[in-house]
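Visitor: Annotations for this protein, taken from TrEMBL, read as follows:
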- B:45-120: domain 'Phosphoribosyl-AMP cyclohydrolase' (DOMAIN)
- B:ASP92, B:ASP94, B:ASP96: Mg(2+) binding site (BINDING)
- B:CYS93, B:CYS111, B:CYS118: Zn(2+) binding site (BINDING)
Number of protein chains: 2
Amino acid sequence: MSLVFAQPSSDHTKVEEGLAFTPRFDSHGLVTAVVTDAEDGMLLMVAHMNAEALALTVETGIAHYYSRSRKALWKKGETSGNLQTVVELRTDCDQDAVWLRVKVAGHDATCHTGRRSCFYRSVDIADGAVTLTVRDDIRHFDPDTIYDKK
Amino acid sequence: MSLVFAQPSSDHTKVEEGLAFTPRFDSHGLVTAVVTDAEDGMLLMVAHMNAEALALTVETGIAHYYSRSRKALWKKGETSGNLQTVVELRTDCDQDAVWLRVKVAGHDATCHTGRRSCFYRSVDIADGAVTLTVRDDIRHFDPDTIYDKK
């Protein structure tokens, strides 16, 4: 990794209106990454990136994240084959989040459950109680076959 | 606020496949909220919600967030008039993020800079250096007029 990000300016206007990419990593060294399908805009996943993951993503054009549960760099799709090629990368006003428009390889599935998107359930109110409803139950791959269960 | 969320199960399968909405708030008591336009799917903003903001959003159908900079509940659009009516709320596999599909009132603008979306700049590589390019510079309102400058 050769890319090093400059420190954000303390001037809000520079961060919001400038053309310098100076990501604002949080106290854990992470920015939020929103991932949508470049073709139809479907929200596929939300993840996090540290500076290394962000630099690798920019340099290689393949999405890399930081897994908070595994505490490790995470090349998305390395096991499942569902790599994400970045079509466009954007950042938001205060530069603490990035948006990746991607093309998904392999099974065209992003969620580790085998579904296309991680957002397969809606939150609904029924009789005053909150419940979930499954909106997409199509499995594009079998997680038990793809992932090594240790 | 009357809605109280149950604690997440320690069983991953229940969290991922169950129909109980048990949001996994992080160590700061927050979940990530991704906000898209219900009509055309445009990514408008990324924010955070604490339990109070999430409950108010579910109960009222109007998006509420938690402002990390102001350390306060934030009814989005209260000042600008650009309230967000929630058309659909979803959660992701591990229930630490929510997705709001919204209809924006007022100026149909979400970013405090006056633009429709907070993601108005793309990250690009030019001559081996990273730079930003403005992709949307249309101001739907004048921030200096709308917001009280203290």
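Yeah, the Cβs are placed from backbone N, Cα and C, and that goes for glycine too.
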Visitor: Counting across all protein chains present, how many other Cβ atoms fall within 10 Å of the Cβ of B:CYS93 (Zn(2+) binding site)?
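Guide: Within a 10 Å radius of the Cβ of B:CYS93 (Zn(2+) binding site) lie 21 other Cβ atoms.
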Visitor: Quick check on the binding-site residues: of B:ASP92, B:ASP94, whose CB has the lowest count of neighbouring CB atoms inside 10 Å?
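Guide: Among the binding-site residues B:ASP92, B:ASP94, the sparsest Cβ neighbourhood within 10 Å belongs to B:ASP94.
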Visitor: Across all chains shown, how many C-beta atoms besides its own are within 10 angstroms of the C-beta of B:CYS118 (Zn(2+) binding site)?
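Guide: So the number of other Cβ atoms within 10 Å of B:CYS118 (Zn(2+) binding site) is 25.
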Visitor: Whole-number Å distance between the CA of B:ASP94 (Mg(2+) binding site) and the CA of B:CYS111 (Zn(2+) binding site)?
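Guide: Here the two Cα atoms are 28 Å apart.
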